[in-house]
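The annotation compositional bias 'Basic and acidic residues' is assigned in TrEMBL to 699-715. Annotation comment: TrEMBL describes 688-722 as region 'Disordered'. Taken from TrEMBL, the feature transmembrane segment covers 64-85, 97-119, 131-152, 172-193, 213-237, 292-310, 374-393, 621-641, 653-677.
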Amino acid sequence: MINLTDEKMDKTTKKKKKTAECCGYPISIFFIVVNEFCERFSYYGMRAVLVLYFRYFLLWDDDLATSIYHAFVALCYLTPILGAIIADSWLGKFKTIIYLSIVYAIGQVTMAISTIHDITDANRDGTPDNFTFHIALSMLGLILIALGTGGIKPCVAAFGGDQFQEHQSRQLNTFFSVFYLCINAGSLLSTLITPVLRAQECGIHTQQQCYPLAFGVPAVLMVISLVVFIAGSGMYVKTDPEGNIMWSVCKCIGFAIKNRFRHRSSSYPKREHWMDWANEKYDKLLIAQIKMVLKVLFLYIPLPMFWTLFDQKGSRWTLQATTMSGDFGAFILQPDQMQTVNPILILTLVPIMDRLIFPLIQKCGLNFSPLKRMTVGMLFAAMAFVSAALVQIEIDKTLPNFPSSSESQLKVVNTYSTTLNVTISPNEHLLIESFGSSADYVTFDHQDITVSLNTNPVITKAFSLIKGGRQTLIIPSDPTVMYLKEDVKSKPREGKNAIRFVNGYTADLNITNLDSIEPSATTNYTLVNQGKRDFVLRHGEQWCEFSRKFGFGASYTFLIPSTVFSDDCESITEVEDMKPNSVHMALQIPQYFLITTGEVMFSVTGLQFSYSQAPKNMKSVLQAGWLCTNAVGNIIVLIVAELGKLPKQWAEYLLFASLLVAVSIIFSIMAYFYTYIDPAEIEAQVRKEQGLEPEEMEKETLEMEEKDEDQKNEQGVKQTKI
Ligand SMILES: CC(C)C[C@H](NC(=O)[C@@H](N)Cc1ccccc1)C(=O)O
């Protein structure tokens, strides 16, 4: 028998420290929930402005910006494994949270520094001169953030759970709900605040959008989160890691598989569980603990499907919102702000469920066990997608008839002085007033057309249309130079409006925020937000102001006549290329309500379940396993949504809903065969079977560790059963 050192003896005999309580709760959890609030503020605040930073500061295109964004989010949910291994095998949860929070805070500060354009703006033109510097710094920042946020995530929830004594199981469940409330309160505030900070102007040499402030505030919140966590230091129950547990787990599983394979002949008696094939070499307690973890991890296999649907709130549903109207009368909601409905609903639904619904169900004598709750949560998410499909069908009715990939569409705009009879070969005849347009787009299944105008003499010109495109034939004051201009063929992004001007004035014109336009020319599209917008038209000393109120997602061509200055811009006519969105964003509220109800049942319960079913020394590992289901869900969104696009969006929503229903049925069957366990009880029972008192058993665990260390030193010596 190896003698234990004093230090180790002390460690083995250490009991769970009794903590100061307030209303039945350990005071230490106050520091943990405040820490989580600040950390989530930091994370979601930074995330809220990240794509805009990529797009408008680093000047990446939409595809690159969204890909890097999704890769970052997926990384944030993969790193929990690393954090859990460090915590359970090496540093313990407390130290892991502190060290990785420092990494996280450094990452946030690096990110904030990378957004200061003045650092490399030597020529003071408002844009950075050295993009490589800003890209490198921001990528470094993001990697550190992903490492930090993901790494501490499984540890904080499990560390919070560790603060409770055995008699506080009711409070422990409430803790996970409060913890979830803090996540959502932090994320809600930051998603509202950081975009406002970004919209401010700041800078040393030139005033630009204030990204340093938008990223700086989350960095400060992360530092506060760390300080709050350290402040609670004296009050925490800190459980020490029990050696390199992950390594022991892997070796034990590997041995069981090898041993089973070696004894595959039917002459060997069967064993109750395949892990029992490790009995020859490994400790029964370790085997029992591995069995508990594997049972739960097996149950997790279908869970990523829930997240696959859940995570589409931020992508597909936001895109859906861009085709809807966000005018709520008293306020205007932008499409991406619709996502804040989720944390708002969490803040109301969690207390309602905890205080009202779940106790009511219990009073009715129904056993609404955690796994049943999770199954119902999945069904709610599936219903949310059915609701999204119904909304999509309503939207589709109002969408323009866009050309298919083999078709071409054409509209005609006439800025000639008289009404024109336009013939488009072979048999399209349009009568178009001066400063008017054809009623709608004409669809062609061929690209080569000939246009004839009934001018004197008749003007005829051949054109080749763009396959799958929408174009406008502009007939200027000199019809011989009529030309094609490409139009938008999908709803403008983020619910904005695409507008352009045709200059029918006899000289160059300057329009606010646009380049000067030559006579007869047409500007490219400019995106403008919803609401009233003013444009000043100028030529030399002459000017007039033109105002227009915009809705969401429309497209217009404004025709400027030669009389524009004499009638104070009154005669500018408007051609509606695409109607504004008419289906109201409020119709998305039912789907948000359903998915959030699903989230409360699924996610809050899953968090509690992962903690309660994990053996003491593998709590963080199971939390990480739980978070990994989210990472896999995110990856499925990336793959399936890109590869398996259905022609109709509503059909894709229904497909996802049906998949989740199928998965929830499989999960409910798996759950039926799952028996809830009390890991502490099982551990005690194994100890008893081994004829060990609890304390002796802990000593034995340490002996195992010592042996492990000795074995490392004496290479080649086989590990023996204790
Ligand atoms: C995987 C998690 C349990 C994620 C959890 N997220 C939430 O609680 C979301 N409801 C937060 C949110 C906030 C803003 C917009 C959408 C979602 C977490 O962050 O820990």
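A Cβ is built for glycine as well, from the same backbone N, Cα and C atoms used for every other residue.
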Distal contacts, the transmembrane segment (97-119) - CB-CB under 8 A, six or more residues away: 39, 42, 46, 53, 57, 83, 86-87, 91, 126-128, 133-134, 137-138, 140-149, 151-152, 155-156, 159, 203-206, 208, 211-212, 214-216, 218-219, 222-223, 225-226, 229-230
Outside the transmembrane segment (653-677), six or more residues from its ends: residues with CB under 8 Å to it: 292, 295, 298-299, 302-303, 305-306, 308-309, 312, 316, 369-372, 374-375, 378-379, 381-383, 385-386, 388-389, 392, 613, 646
Ranked first among 64-85, 131-152, 213-237, 621-641 for CB pairs under 8 angstroms with the transmembrane segment (172-193): 213-237
Interface check, the transmembrane segment (292-310) with the transmembrane segment (213-237), three or more C-beta pairs under 8 A: no
Long-range Cβ neighbours of the transmembrane segment (131-152) (under 8 Å; 6 or more residues past either end): 39, 43, 46, 53, 57-59, 72, 75-80, 82-83, 86, 96-97, 100-101, 103-115, 117, 119-120, 222, 627
